[in-house]
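Below is one structure, written out as structure tokens; the observations come after it.
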Amino acid sequence: MKVPPVLLLFLLSSVRATEQPQVVTEHPSMEAALTGPNASSHFWANYTFSDWQNFVGRRRYGAESQNPTVKALLIVAYSFTIVFSLFGNVLVCHVIFKNQRMHSATSLFIVNLAVADIMITLLNTPFTLVRFVNSTWVFGKGMCHVSRFAQYCSLHVSALTLTAIAVDRHQVIMHPLKPRISITKGVIYIAVIWVMATFFSLPHAICQKLFTFKYSEDIVRSLCLPDFPEPADLFWKYLDLATFILLYLLPLFIISVAYARVAKKLWLCNTIGDVTTEQYLALRRKKKTTVKMLVLVVVLFALCWFPLNCYVLLLSSKAIHTNNALYFAFHWFAMSSTCYNPFIYCWLNENFRVELKALLSMCQRPPKPQEDRLPSPVPSFRVAWTEKSHGRRAPLPNHHLPSSQIQSGKTDLSSVEPVVAMS
């Protein structure tokens, strides 16, 4: 049954809001309905008596979020996500900046993707974990706004950057004779991406308040909750709906169309052109592997963020009520998308594998000094080559391209530019 207005006054007396100012985590709640200065009567009447009873009995923010099993699982999951995300995305930036031949617009976009993942890993994920463990927000007003902004801004930057990568790959493969996006233009596009992401993220970050609730003399909790301007219900609903459509569904639609056309070109086109069959097939394998890698990145991003986006959208539409365990599980699943990309790059890109091996070798015990080793009867490669050629380089066995240029399965993020136009 719905809560009578008279009973609302009694319930309000048992939960006293002692302070108001600041951000929201991602799940609005009954506290916002109780204390929000602009909470509408429709929103208040949307809960049953059982809902309000559970809230006053502190089940909503107490026992539900303190389930030991759920807490332990999410602590481990969040911790692994933070460690792997930071290590992997820093490695991505290191590899691209270190390799001169990887300096291209596509590589800049991939670095931008890694930077967005690092931002959300540092400014949102740890704070959300602590909020879940303590059932209260302990970082103050400033970080409440910053954490909320980081989550939305990183999501928007990632979606827009993946769209830019898809458009760039479409341009390179569908129109190989046209000039590619230069590094300067790539920097400009990245700047535009961040401006757009900031613009769409600020409403979520600004419309937040830090509410402090006194349940008893010993139990006081602070919560980051949304506090949208009037009409609050409609503002919240349409803001989340616009965000979901413009910065999640629309980018994924553009990406899908771009990669579908690229796949049709690569998998169905059989024109060889003025190159050998071996060179042509090697080039196609390289481009196919690159496209597969980028498509896999997009698919994982879409799958990881879909549950949380749907949850927030349904919540703002009042189709469901809040659920702590469900929200934090969806939030972790979305945050886990930040640590998958580096593993995909290392799996499908030789440059990343080489750099990872080099970093791991630095952590191993250094070899023994040269004088402690027994002399080898076999001369080194350099000595043997010099003695054999007498200072002259041996001729190549044939006139084909070096095998390193025609190996299959090696992906170069910046070398998808075809040698020949394919019809």
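Every residue number used here counts from 1 along the chain in the order it is shown.
Heads up, the Cβ atoms here are built off N, Cα and C, so glycines get one too.
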Q. So, in Swiss-Prot, which cysteine from Cys144, Cys153, Cys304 is disulfide-paired with Cys224?
A. Cys144
Q | Asn67 vs Ser107, membrane side identical per Swiss-Prot | A | no
Q. What stretch, picked from 146-167, 239-260, 294-315, 328-348, has the most CB pairs under 8 A with the transmembrane segment (108-129)?
A. 146-167
Q) Can we call the transmembrane segment (72-92) and the transmembrane segment (328-348) in contact, meaning three or more C-beta pairs below 8 angstroms at a sequence separation of 6+? A) yes
Q. Mean pLDDT, the topological domain 'Extracellular' (209-238)?
A. 84
**Q.** Fewest other Cβ within 10 angstroms of its own Cβ, chosen from the recorded positions Asn134, Cys144, Cys224
**A.** Asn134
